[in-house]
Amino acid sequence: MGAVAAHGEDGKGSQQGADHQLKELDAGALFVLKSKGSWLHCGYHLTTSIVAPPLLSLPFAFTFLGWAAGVAFLVIGALVTFYSYNLLSLVLEHHAQKGNRQLRFRDMANQILGPKWGKYFVGPIQFMVCYGAVVACTLLGGQCMKTVYLMSEPEGPMKLYEFIIIFGCLMLILAQIPSFHSLRNINLVSLVLTLAYSACATGGSIHIGTSSKEPKNYSLKGDTQDRLFGIFNAIAIIATTYGNGIIPEIQATVAPPVKGKMFKGLCICYTVLSLTFFSVAISGYWAFGNNSEPLVISNFLADGQTLVPKWFVLMVNIFTILQLSAVAVVYLQPTNEVLENTFSDPKRKEFSARNVIPRAVSRSMSVIIATTIAAMLPFFGDINALIGAFGFIPLDFVLPVVFFNLTFKPSKRSIVFWLNVTIAVVFSAVGVIAAVAAVRQIGLDAKTYRLFANV
């Protein structure tokens, strides 16, 4: 049963009724999406899922946009996503107050758009986005581990895929954490790590920028066509950086009554986001200009030499690796929920042998497959840009405003209605163009692709 009041409908109904409804929950909702959290826990989950190491790519996005457009798109992304996520939360609260609490994105689509939308559009897109994020985190974690290794062993024999496997082994352990709510303390640590490596990235950029005597170049590269596609590549990068894709699942972890808790959680998240996104993007682009690398901490190394102390680069990479593991396990939750729903028995105890064995096997296989993909396709970043255009933009920019208009039916004369329509139309078009730009980039880079490449 996908959408239920069982996870606590705003305190309504007797305990007996709640117990009866709990028995009707499927295993995924019952064991993975436990509704026990506070608004603070919600803030930790939101921050880990949004304020993640991809923010280190924001200076690179600025190289396609320049100063004015870069800052403008960063501000627009923050405003639109905060607004969209809040609308999504209001729709979820509305259904909860009516006694029909929605626990998953596909449940919302089933209820509001119809069953086929949930089964054939929202569900597959969300799975693709979330599993793609797990693969991307595993790849990036391996790359950071390799950076640390090469600092101590510049001519070392170990290859990138070996570090990806090591990171995958860490993920094998973390994947066994039973529920989304169980991640609350890990995600608090993740929030602190985000602030730490963002401060390091900002401080390192400022140090290098002030000590470098080379003139900074902020001009846009390439001809008109390259610049045009570059703009949409940059928009896809920014959209993916702001992307979440699991707002309903995060709100499902909140204990009843749910009203107002998600907004408080979003305020925590966007406070951290404002401190990190803007400081890293502006300081990184200021320091390195159009030479900014896809990860700004890569600019701390030049010709095999570190431009900041080695211990500093080591510290930044360790912070990043640790937070990547937290981000990856958060984005594993939708996959875990599907696996739990498929292989577990909700009528048996959560930690009975009947449920623990298939849980351990299925989650381990999920991580092994993600690790294998990351090791085989170290160019997955290009593919992830395509996933971001097809996935994060519809889930985070378009569907929330559509759900709100269909649920609350604001007057067609109201500002809210037309603002929502404008956001849906504009970002649908942006998503299509960004997808085309991502496909073009894959085509340009295809000649360099090698399976298990040591990049």
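Every residue gets a Cβ built from N, Cα and C, even glycine.
Keep in mind that TrEMBL annotations are predicted by a computer and have not been checked by a curator.
These come from TrEMBL:
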- 36-439: domain 'Amino acid transporter transmembrane' (DOMAIN)
- 64-88: transmembrane segment (TRANSMEM)
- 120-141: transmembrane segment (TRANSMEM)
- 161-181: transmembrane segment (TRANSMEM)
- 188-208: transmembrane segment (TRANSMEM)
- 228-247: transmembrane segment (TRANSMEM)
- 267-288: transmembrane segment (TRANSMEM)
- 308-332: transmembrane segment (TRANSMEM)
- 360-380: transmembrane segment (TRANSMEM)
- 386-408: transmembrane segment (TRANSMEM)
- 415-439: transmembrane segment (TRANSMEM)
Between the transmembrane segment (188-208) and the transmembrane segment (267-288), do 3 or more CB pairs sit under 8 angstroms, pairs being 6 or more residues apart?
yes
Check the transmembrane segment (120-141) against each of 64-88, 161-181, 308-332, 386-408 and return whichever range has the most CB pairs under 8 Å.
308-332
Most CB pairs under 8 Å with the transmembrane segment (64-88): which of 188-208, 360-380, 386-408?
386-408
Restricting to the same chain and to residues at least six past its boundaries, which positions have a Cβ under 8 Å from a Cβ of the transmembrane segment (228-247)?
46, 49-50, 54-55, 57-58, 60-65, 69-70, 73-74, 77-78, 81, 85, 88-89, 92, 105, 126, 129-130, 133, 220-222, 262, 277, 330-331, 333-334, 384-385, 388-389, 391-393, 395-397, 400, 430-431, 433-438, 440-441
